[in-house]
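Participant: Just lifted these from TrEMBL, have a look:
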| type | residues | note |
| --- | --- | --- |
| DOMAIN | 36-435 | domain 'Major facilitator superfamily (MFS) profile' |
| REGION | 1-26 | region 'Disordered' |
| TRANSMEM | 34-54 | transmembrane segment |
| TRANSMEM | 66-89 | transmembrane segment |
| TRANSMEM | 101-120 | transmembrane segment |
| TRANSMEM | 126-150 | transmembrane segment |
| TRANSMEM | 162-184 | transmembrane segment |
| TRANSMEM | 196-216 | transmembrane segment |
| TRANSMEM | 237-254 | transmembrane segment |
| TRANSMEM | 274-294 | transmembrane segment |
| TRANSMEM | 301-320 | transmembrane segment |
| TRANSMEM | 332-358 | transmembrane segment |
| TRANSMEM | 370-386 | transmembrane segment |
| TRANSMEM | 406-428 | transmembrane segment |
Amino acid sequence: MEASGDPEGPLPPGGDGPPGSVRETPRRLSREQIFVLISAASINFSSMMCYSILGPFFPTEAEKKGVSNTVIGMIFGCYALFDLLASLVFGKYLVHIGAKFMFVAGIFVSGGVTILFGVLDQVPEGPVFIAMCFLVRITDAVSFSAAITASSSILAKAFPNNVATVLGSLEIFSGLGLVLGPPLGGFLYQSFGYEVPFIFLGCVVLLMVPLNMCILPNYESDPGKHSFWKLITLPKVALISFVITSLSSCFGFLDPTLSLFVLEKFNLPAGYVGLVFLGLALSYAISSPLVGLLSDKVPSLRKWLLVFGSLITAGCYMLLGPAPVLHIKSQLWLLVLILVINGISVGMSSIPTFLEVLSCAYENGFEEGLSTMGLVSGLFGAVWSVGDFIGPTLGGFLYEKIGFEWAATLQGLWALTSGLVMGLFYLLEHSRRRRRSKLQNILGIEEERTALLPGEM
């Protein structure tokens, strides 16, 4: 039985629907679905490579051009800010632009600007260099936002009954990109200089353009009537967005702070710091497919994976330092163990969110099709970018003012708050549904009695 029998079938509207409401999952993938997976894996891998390759050497090169640490931080931070804005726009107009065109055009522009980043060392130092860095970085953020938004929508369209499993499995490639980006960039930089890492990676991205033009299917859909505002003002979606922002902020918090803390606390050689991050990236990449599979096979588990993942993440950040009030001695093995657990807990929380938002949208009258999927994809990218901007910015400030231990504890309190609020909402939702079900049963019994009365007389 092939999986392409009904690629346009509707997603089950409720997260806790009866078992019979979900069609039998096909055992084999169609050729079209395999091509979609290849395209999505390529963009996940390359986007994370391009995002993470700057870390090992760009700050040093920027300092040579007279750029301050504050401005360097802004160059890094502007990526998330413009990813946020672009995600909202592309999610809204996905159907008008066309998912395939948006995907391919995003890859093409991103490959070009990645190469341009490699020739910035030829630009005169001072305001001109800074302006070009911002321009190239912003263009990269916008282009990859287009590709990722289109990719998520196409995946949801091609795999209507296995969205979480597919999204979780593709996080393996995101994790690989994050893991391989810094060491590959550092090796090419040391061996061949500043230009080669960007030119090499940009050319690899550009090679994906003709590949995806040939293999990516073209899904068409009518524009929807609903807007981002209606989606984000749904209480459940607003709370899930709060959870997503807290999770991405937790990830982003570690970028400017963890390496400094490890170097200062444990006196590790600089080359070993990347290995500390490896535990987080690998545990996230490995656990995400399993979480996705659970989310699809047992829909009723999604909400509790989301809640308990947030609570475990909160505990992890309170133990990273650890928090001074716990009076636990900071040890390297404990730090690495906590990062591994954190990678799993973030996967538990983040993977079910896309399907939860999509299900909530369908329950509230949004059209089942590419238009709604585009809105959800854009919203997910936007709220993730909010946390990705707040995390490093606030984290760097707090690290400087109160130290890593207290800064990580405050970050954990954010995740704790989001998890508790989300859990409370789900308990209230469950209670309302039970009362509604009892009321419907009572009304049904009364109607049956009323219908039987004339016959009895």
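Keep in mind that glycine also has a Cβ here, set from the backbone N, Cα and C atoms.
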Participant: Against which stretches of its own chain does the transmembrane segment (406-428) lie, if we need a Cβ under 8 Å and a gap of at least six residues from its ends?
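Facilitator: Those are 235-236, 239-240, 242-243, 245-247, 249-250, 253, 257, 303-304, 306-311, 313-318, 320-321, 323-324, 349, 391, 395, 398-399, in sequence order.
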Participant: Using Cβ atoms and a strict cutoff of less than 8 Å, what residues sit near the transmembrane segment (370-386) while being 6 or more residues removed from its termini?
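Facilitator: For the transmembrane segment (370-386), the sequence-distant neighbours (Cβ-Cβ under 8 Å, at least 6 residues beyond its ends) are 80-81, 83-85, 87-92, 94-95, 99, 145, 148-150, 152-153, 156-157, 219-224, 226-228, 231-232, 237, 241, 244-245, 248, 353-354, 357-358, 361-362.
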Participant: May I ask which of the stretches 66-89, 101-120, 196-216, 301-320 has the most CB pairs under 8 A with the transmembrane segment (34-54)?
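Facilitator: Comparing 66-89, 101-120, 196-216, 301-320 against the transmembrane segment (34-54), the winner is 196-216.
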Participant: Any chance the transmembrane segment (101-120) and the transmembrane segment (274-294) have 3 or more Cβ pairs under 8 A, given the pairs are 6 or more apart in sequence?
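Facilitator: Output no: the transmembrane segment (101-120) is apart from the transmembrane segment (274-294).
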Participant: Examine the transmembrane segment (237-254) against the transmembrane segment (301-320) and state whether at least 3 Cβ pairs sit under 8 A, considering only residue pairs 6 or more apart.
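Facilitator: Per Cβ check, the transmembrane segment (237-254) touches the transmembrane segment (301-320).
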Participant: Using a Cβ cut-off under 8 Å, which residues of the same chain at least 6 positions beyond either end of the transmembrane segment (196-216) come close to it?
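Facilitator: Distant Cβ neighbours of the transmembrane segment (196-216) are 35-36, 38-39, 42-43, 46, 49-50, 53, 57, 100, 103-104, 107-108, 110-119, 154, 184-185, 188-189.
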